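Copied over from Swiss-Prot, here are the features:
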type     : residues : note
COMPBIAS : 1-20     : compositional bias 'Low complexity'
REGION   : 1-26     : region 'Disordered'
TRANSMEM : 36-56    : transmembrane segment
TRANSMEM : 76-96    : transmembrane segment
TRANSMEM : 125-145  : transmembrane segment
TRANSMEM : 161-181  : transmembrane segment
TRANSMEM : 193-213  : transmembrane segment
TRANSMEM : 228-248  : transmembrane segment
TRANSMEM : 270-290  : transmembrane segment
TRANSMEM : 314-334  : transmembrane segment
TRANSMEM : 362-382  : transmembrane segment
TRANSMEM : 391-411  : transmembrane segment
TRANSMEM : 419-439  : transmembrane segment
TRANSMEM : 444-464  : transmembrane segment
Amino acid sequence: MSNDTSPGTSSVDSKSSDPSYGVPGHSHSDKDLLKLSLGAIGIVFGDIGTSPLYALKECFKGHHQLPVDDFHIYGLVSLIFWTMGLVVTVKYVMFIMKADNKGEGGSMSLLSLIIRGANPKLSRWLIVLGVFATALFYGDSMITPAMSVLSAVEGLTVIEPSFDSWVPPVSVVILIGLFCIQARGTESVGRLFGPIMLVYFATLAILGAFNIITRSPAILLALNPYYAIHFFASDPLQGFWALGSVVLSVTGAEALYADMGHFGRQPISLGWYWVVFPALTLNYLGQCALLSADHEAIANPFYFLAPDFLRVPLIILATFAAVIASQAVITGAFSVTQQAIQLGYIPRLRVNHTSASTVGQIYIPSVNWVLMFMVMVLIAMFKNSTNLANAYGIAVTGTMFITSCMMGVLVHRVWHWKAWQSIPLVSFFLLIDGAFFLSNVTKIPEGGWFPLLVGFVVFTMLMTWSRGRHLMAERMRQVAMPIQLFIRSAAASAVRIPGTAIFLTPEDDGVPHALLHNLKHNKILHERVILLTVKIEDVPYVDPHYRASMSSLEDGFYRLIVRYGFMEEPDVPLALNKIEQSGPMLRMDDTSFFISRQTLIPSTHTSMAIWREKLFAWMLRNSESATEFFKLPSNRVVELGSQIELVGSNGK
């Protein structure tokens, strides 16, 4: 629960069946549909759209190199085509994108959807899966900008091989510039993303079709799944290893689901079916037609698709596409972080709005600078896209596998599918995802360790924060005085002064620490005392008409509950202003806010390992204050400190 006494956001309440929660689904006119599809092409498909820069090349030059001959060329392009068809089209577009949480997608949204009403044991395992998928996403958010920009800038070596040493520093300059402009927002230039990516995908399609026609029209036969099956049947071990590079063709598939709340399922599907999938297919086929005619083009088949005089413009266009793909991942990291803060897995962080008119345009400084630092580390460590490709696939395939696991729970518990319906379909997805993941496990020594390390570090921090908050809330419930007892005893004899005091409290049935400290030290109570609890629900948005509910207790005490969805930013003064308009009792110019700031003290009875307790204490100290997080007027806030000792059941 996001409040003064709890360092994170509120415990999630299940209100999905209440019509007051959530927002209507997406419905669009034809004009709006085209605009949203163009926007989706610019944001959602940036990552998967830059895959042709490196995916096919890595199949032949990567971890397990393959001979450049027609057998492998036809087999691999057939495998890439059917991977895109099965993973992106069937799994994500036709199936997973139907699993929206009031229009929102992504791991956190799916997690909040499937744990509703689940028994505690199942919930714990689901939370572990969902949080680990989120942790892997942060590793992917570090690798994608480095991989995309390095691959684009490596086009310089096609023009002049001696430019090879310039690729890392040029990539660093481009990415530092990208991270530095985040604070200003990208709304103005963001309008150009769709048109630029549309030109980029058109270029992919034209170059691919040109090479198919002029080099080897027979490559179209590779659309027959026979070639993919024959490739595997001839050498199953070699086929298994190849999956580790083939999966690079679908990096970014998770973005279709994660960004569904911004554009809607229909515009994303339209963009995939009519623009992105055909363009990618033609480009991969074109690269393979080129390789079939000229095996030496494997050095960089993407750029060799273009005639000499078009390579510089293609490098510029590909670099723009790589920057847009990187921007989409950075924005996604901000969005996922905001959701995790609201759902109580990450401490309160400073969140800045970069647009007064567009919802969701946010900037989180701490996340931005950590991502930038880690991207620079990656470029310094791996130096080129071939080396970095070894680190890329494992985070992507791990997230895909976990999403399939959670979907299995969804179709059984939420959609109530019969076993004969759900088991074959989910097993099919798990088989595909599992094969891709295991193939990438072989890359762990060459770079796959990096996203796993990042994932485990982030997972540990998220679970430590969640566990620490739970223990803190448990301890505060143990020592809290019932509000009715407080009103009848201490409050009845206190001196009352004019005005309104609002005390933020994590629970809606106890006396907040700040109220007890205020009465103990100041010996007074205000004429009106409001106990305010901010609750984050398990839906993306809460209907503003049901935002706040106030009930009278007795003797000038009131209970106020303000609700937000996990995609919303709490703005307490704005919510109180709505109440003020409905009656004269609450006037902001006559109101003071009292909040409590906890300090964790060492405990010999803690149920957390000592290193986790110290980690939680550090995160607690560095979390943003409730004043900033809830947008309280700083000149009307009184902050009172308190100490707390974690206790709880045994366990680590």
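Note that Cβ sites are derived from N, Cα and C of the backbone, with glycine treated the same way.
Note that the structure is predicted; figures quoted are calculated from it, not measured.
Three or more CB pairs closer than 8 A are found between the transmembrane segment (314-334) and the transmembrane segment (161-181), so contact between the two stretches is assigned (pairs 6 or more residues apart). When Cβ distances are compared across the two stretches, the transmembrane segment (36-56) makes contact with the transmembrane segment (228-248), since 3 or more pairs at least 6 residues apart fall below 8 angstroms. With respect to Cβ pairs under 8 Å, the transmembrane segment (362-382) is most closely packed against 161-181, considering the stretches 76-96, 125-145, 161-181, 193-213. For the transmembrane segment (228-248), the most Cβ-contacting stretch among 76-96, 193-213, 270-290 is 76-96 (pairs under 8 Å). Residues 145-146, 149-150, 153-154, 319, 323, 326-327, 330, 368-369, 371-372, 375-376, 379-380, 383-384 of the same chain sit 6 or more residues outside the transmembrane segment (161-181) yet have a Cβ under 8 Å from a Cβ within it.
Remote same-chain partners of the transmembrane segment (444-464), defined as residues 6 or more beyond its termini with a Cβ less than 8 Å from a stretch Cβ, comprise 63, 128, 131-132, 134-136, 138-140, 142-143, 340, 345-346, 374, 378, 381-382, 387-395, 398, 608, 612, 615-616, 619.
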